[in-house]
Amino acid sequence: MHFGGSPGAGAGPRTGGPASGGDPPKPPVPRSAAMWGASARSLAKAASIADLRVLARRRLPKAVFDFIDGAAGDETTLADNQAAFGDWQLMPRVGVDVSRRDLGADFLGRAAKLPLMLSPTGLTGFFWPHGEIAAARAAGNRGIPFCLSTNSVAALEQVAEAAPDTDLWFQLYVMRDRGLTDQLVARAAAAGYRVLCITVDLPLTGRRERDVRNGFTMPLKPRLSNMLDLARRPGWLLGVMRAPPTFGNFKTDNASGFTNIAQHVSTLFDPSVTWDDIARLRRLWKGPVAIKGILHPDDARMAVDIGADAVIVSNHGGRQLDHVPAPITALPDIAEAVGERAQLIVDSGVRRGTDILTARALGAVGCSIGRPFLWGLASAGEAGVDHAIKLLAAEIDIAMALLGTASLDAITADHLRRRR
Ligand SMILES: Cc1cc2nc3c(=O)[nH]c(=O)nc-3n(C[C@H](O)[C@H](O)[C@H](O)COP(=O)(O)O)c2cc1C
Ligand SMILES: O=C(O)C(=O)c1ccccc1
């Protein structure tokens, strides 16, 4: 017996190259939210991202909730990512006509309706059936980019077909098998992904102690200790039984059928990656390239020197090295190093509209969110992701009016003060 997937199936449908013969499988349509998750009523009552986290905790088994929520070591960086926004205060101006606010931002040459995007997250289809498709659609409907992880459950082609109007980015981990790496890049281009996002902060997996304690795998291993927990989560359980999670983008050699994330990463991903490899991938991709996982200004400079169009200032949501700076702390030096040569996107710890305005004032084009949209997804699928985006949009809108800025470009460093 097993929970959350069929161990026997083991692998995704293909090793590189589009589906083996015939048409690619039709993307399944995610089921309605109420059927598997929080009711429309309880979703409507979620007034903040933190409220969505509470709903997600109710629907997910503990081990799955902890995989999303948890971070490396003592989780010092996890806490600091959010707390560091509090080092800054917003300084409102009055006497400005704010009757109409423009929340639009430009991400790498394409207009977005908000200065916000969805970060790449692995195993998303394990949190909600066809979760990547649900999230990509929600992003598209709200006019913001969605970045698909290398480690998605849905194949990248399925997501592209199911969310044709979404600004799709593909996140790449450089694999030990460079042939497979290049095939992923070629498949992403062929499927219509616009931006290649190369993540550089995961030579191996940070030690996430909650996952060690919980013995987290995909699917979950049935244990005496989680039986009661699973019995209390029928919505999630039914979901994974209907849509057994595997890695949709490549085959995995996994005889047991239970994937331990740290092992998966150390088997498949290459810890020897250098700037030469990244530069080569930059040349391979004809469209815009973003480099994700930068904290040092010299690395930001290097990224731009090899031709990156965007730098995603990120510590992977505190999941890699504990005790690193929060992105919002690292941002000013990076903005100075990069200047106008690339766009900067802040990711890790963004939970409020005001966080996004703070990042704008310090030179970012916008922010990217991981857990906030996953909490929405895990609560109520596409409707939950929509709710997460809607909450942040409303917070941005109100904060702009109260700050005295009718457009994002009007927000400057003068709207910030350091908290003493
Ligand atoms: C469950 C989960 C899975 C993740 N998987 C990936 C991934 O496959 N690739 C990647 O570049 N980042 C991954 N990340 C990191 C996110 O892209 C992002 O950097 C992080 O979640 C931002 O922090 P936040 O959750 O505080 O918003 C993952 C994060 C979470 C929470
Ligand atoms: O959990 C993560 O942060 C992550 O990047 C990842 C890596 C491999 C598989 C799934 C997620």
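Glycine too: its Cβ is placed from the backbone N, Cα and C atoms.
These come from TrEMBL:
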type	residues	note
BINDING	120-122, SER149, GLN171, THR199, LYS292, SER314, 347-351, 370-371	FMN binding site
COMPBIAS	1-20	compositional bias 'Gly residues'
DOMAIN	41-420	domain 'FMN hydroxy acid dehydrogenase'
REGION	1-34	region 'Disordered'
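Structure with TrEMBL features highlighted.
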{"residue": "PRO120", "record": "FMN binding site", "DSSP (3 states)": "coil"}
{"residue": "GLN171", "record": "FMN binding site", "DSSP (3 states)": "strand"}
{"residue": "LYS292", "record": "FMN binding site", "DSSP (3 states)": "strand"}
{"residue": "ASP347", "record": "FMN binding site", "DSSP (3 states)": "strand"}
{"residue": "ARG371", "record": "FMN binding site", "DSSP (3 states)": "helix"}
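Of all the binding-site residues given, namely LYS292, ARG351, ARG371, the one with the smallest number of surrounding CB atoms inside 10 A is ARG351. Across the residues of the domain 'FMN hydroxy acid dehydrogenase' (41-420), the predicted structure has a mean pLDDT of 97.
Close to ligand 2, meaning a Cβ under 6 Å from one of its atoms, are these of the binding-site residues PRO120, GLY122, GLN171, LYS292, GLY349, ARG351: GLY122. Cβ packing within 10 Å was compared across the binding-site residues PRO120, GLY122, GLY349, and the lowest neighbour count falls to GLY122.
The Cβ neighbour count for ASP347 (FMN binding site), using a 10 Å radius and every protein chain shown, is 26. Note on GLN171 (FMN binding site): other Cβ atoms within 10 Å of its Cβ, all shown chains, come to 24.
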